[in-house]
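Trainee: Quick one: the structure is below, and I'll ask about it shortly.
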């Protein structure tokens, strides 16, 4: 049976997600509805992507009995309201990262999903890329020896992109880019809670975080560090180092197709998307997470074993602690 998707928000990421879904077999995935807060935008989106139904409110999509799973592609401060709306209506939910602006928002969403027994997942699409799965295998086999350190960087000049610097919309590098780096470190160290978190950072003139470096000390004397920036170009790579060697995910590390293990290059090409244009790099790679959601639902799972909800909560806790350390608060934070 095809999984029937409803797309919440008609923005750029939703467009890429929908373009990708339409490339997958119709026997497995179908987009049945889209909702925007402006009906004309929803209709335009529906026309572009050949979606049967367009709604001018998220409520209408949540109530649509044809929708099995809602994809939440709004800006992050709007995630919580949209997620709760869809969960209350009995829908499974795939919510874009970061799940929430702060830990309290994430806990509220997770509690709602659990109390209703509904599938809920944070769309950390990176984890499902074959290059990242290959890295996990390398780690599981002990190829790198005893692990010592994970390092990640994600930065580019986004100061011309309004949402990146918009304080009211919880912009900045940490929630948008840093979460990719952080989830890599967390993945390598098995979703453990860090023993110590330290951070330094620069504020952007709008009040969001501009460039931040974080060090995370984990049990067993291992650590991870990452730098994220919305104003400077960084290497956009991840390295995992141990006593027997190093593995690297090359740029673009958030949607990687190349893994280097002890100097040996391996390529993992994306599925073909002939004639399709994406707003974001390697957009067709979202297909890996979409397939995962379908598999989880077919198995009757309520959460992903690859990105469990407890880890989404942990990532939110760490990002909040980092923001406190560098003095960044957003209007969504409860003071």
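Note that the numbers count up from 1, one per residue, in the order the chain is shown.
Each Cβ is built from the backbone N, Cα and C atoms, and glycine gets one as well.
Here Swiss-Prot flags 71, 79, 97 as site 'May play an important role in coenzyme binding', drawing on similarity to another entry. Summarising the annotation, Swiss-Prot assigns site 'May play an important role in catalytic activity' to 180 and lists similarity to another entry as the type of evidence.
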Trainee: Would you mind reading off the Cα separation of residue 79 (site 'May play an important role in coenzyme binding') from residue 180 (site 'May play an important role in catalytic activity'), to the nearest angstrom?
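Mentor: Their Cα atoms are separated by 18 Å.
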Trainee: Comparing the recorded sites 71, 180, which residue's C-beta has the most other C-beta atoms within 10 angstroms in this structure?
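Mentor: Ranked by Cβ atoms within 10 Å, first place goes to 71.
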Trainee: Just to verify a number: CA distance, residue 71 (site 'May play an important role in coenzyme binding') to residue 97 (site 'May play an important role in coenzyme binding'), in angstrom, no decimals.
Mentor: 11
Trainee: In Å, rounded, how far does the Cα of residue 97 (site 'May play an important role in coenzyme binding') sit from the Cα of residue 180 (site 'May play an important role in catalytic activity')?
Mentor: 9
Trainee: Which of 79, 97 has the fewest nearby Cβ atoms, counting only those within 10 Å, among these recorded sites?
Mentor: 97
Trainee: Should residue 71 (site 'May play an important role in coenzyme binding') be counted as helix, strand, or coil on the basis of DSSP?
Mentor: strand
